[in-house]
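Student: Before we start, here is the structure in question, set down as structure tokens.
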Ligand code: NAI
């Protein structure tokens, strides 16, 4: 039997350790890129981050030296592209964000990036599986619908896969969906939180406007949905071949990392949309699916179902599932053929 004092002491120690877990190493692989640099900047401004480790095949020590002068407490280190540099960069990480790879040019779909980015993500995932097997892995590199299954396969092959700690970052879709409805309705985007489910490319992105009480109709609804699904193209075209969304993506990635850190430090009801291994549509060939996910100290705490949707939204979801299952299978097959 434990005395009341012993039990109380244990509870106190547990809650103390949850709220005082302040040492959080966050790693960015691809840190010198269009997304990597502003993402690293935003992470440097986050007081929950105590160590920031930056890796790229070029320029990471330079970016680290620059960001390291910002007067917040975290220590910043940049690593050269050597096996030991990558190993040291990853070791002890709580969160590893991966925006390494090539972005789209006008006329390209995210799937067109597959050939280049699949092997980049596979190789970085191998290093993460070896040196940071318990970290939360946040995949930004496109096509997310395939790069997340690729990462899962790499971790599985090494016996360290934990589905609760692998996330495809789809936050930007929700950020856009919220911003675009606020522009249509003249509301404050900060108060909008439109649910977006499915995957992260074109028709696999399914905004569920009805769940926020909006009833757009006809062309207005079709145009809104198209804008959310293909919002990334607006940026790709406006940049005229110089890349895709970087600044808004950095904000979205930093928001997701912050949510994970908050949840790890004991905050409850932290919910973010994210592309994770999910039971929701596994019977339709989609072992991975993005929906609202409650985060906790162990990563995925609870996967929220899609909930009540309109007939129109169901038709979008049907198209999504068809495309998504192929994207997922393509990622899995890639690792089988190119382990
Ligand atoms: P970028 O070309 O500006 O930067 C990519 C960085 O990755 C470069 O600095 C490059 O040196 C680095 N890199 C390449 N191979 C590497 C390797 N093996 N190890 C480490 N670093 C490596 O591209 P950007 O604009 O930053 O985009 C990165 C990725 O993010 C693209 O795949 C893009 O499609 C994706 N993206 C994802 C979004 C999302 O919502 N999940 C939104 C926007 C872009």
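Here the Cβ of each residue, glycine as well, is placed from N, Cα and C on the backbone.
Reproduced below are the annotations present in TrEMBL:
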type	residues	note
ACT_SITE	200	active site, proton acceptor
BINDING	30, 31, 32, 33, 34, 35, 36, 56, 117, 140, 141, 142, 249	NAD(+) binding site
BINDING	104, 110, 142, 176	substrate binding site
DOMAIN	25-168	domain 'Lactate/malate dehydrogenase N-terminal'
DOMAIN	170-335	domain 'Lactate/malate dehydrogenase C-terminal'
Student: Near residue 142 (substrate binding site), meaning Cα within 10 Å, which of 30, 36, 249 (binding-site residues)?
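Tutor: Near residue 142 (substrate binding site), where near means Cα within 10 Å, there are no binding-site residues at all.
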Student: How many Å separate the Cα atoms of residue 36 (NAD(+) binding site) and residue 104 (substrate binding site)?
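Tutor: Each residue's Cα considered, residue 36 (NAD(+) binding site) and residue 104 (substrate binding site) end up 16 Å apart.
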Student: Excluding near sequence neighbours, so keeping only residues 6 or more apart in the same chain, what lies with its CB under 8 A of residue 249 (NAD(+) binding site)?
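Tutor: Long-range Cβ contacts: 35, 39, 99, 140, 172.
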Student: Could you state the CA-to-CA distance between residue 110 (substrate binding site) and the residue listed as 'active site, proton acceptor' to the nearest Å?
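Tutor: Residue 110 (substrate binding site) and the residue listed as 'active site, proton acceptor' have their Cα atoms 9 Å apart.
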Student: Within 8 Å of the Cβ centroid of the substrate site residues 104, 110, 142, 176, which other residues of the same chain have their Cβ?
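Tutor: My list of surrounding residues reads 103, 143, 200, 201, 232, 236, 244, 245.
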Student: I need the least crowded one of these binding-site residues (30, 34, 36), counting other C-beta atoms within 10 angstroms of each C-beta.
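Tutor: Among the binding-site residues 30, 34, 36, the lowest count of other Cβ atoms within 10 Å belongs to 34.
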Student: If you average the pLDDT over the domain 'Lactate/malate dehydrogenase N-terminal' (25-168), what number do you get?
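Tutor: Mean per-residue confidence for the domain 'Lactate/malate dehydrogenase N-terminal' (25-168): 97 out of 100.
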Student: What does DSSP say about residue 104 (substrate binding site): helix, strand or coil?
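Tutor: It is coil.
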Student: Give me the DSSP three-state residue breakdown of the domain 'Lactate/malate dehydrogenase N-terminal' (25-168), ordered helix, strand, coil.
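Tutor: Across the domain 'Lactate/malate dehydrogenase N-terminal' (25-168), DSSP assigns the residues as follows: 64 helix, 26 strand, 54 coil.
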Student: Where the distance is taken from Cα to Cα, which of the binding-site residues 32, 34, 117 turns out closest to residue 176 (substrate binding site)?
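Tutor: That would be 34, the closest of 32, 34, 117 to residue 176 (substrate binding site).
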Student: Return only the integer: C-alpha distance in Å from residue 200 (active site, proton acceptor) to residue 30 (NAD(+) binding site).
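Tutor: About 20 Å separate the Cα atoms of these two residues.
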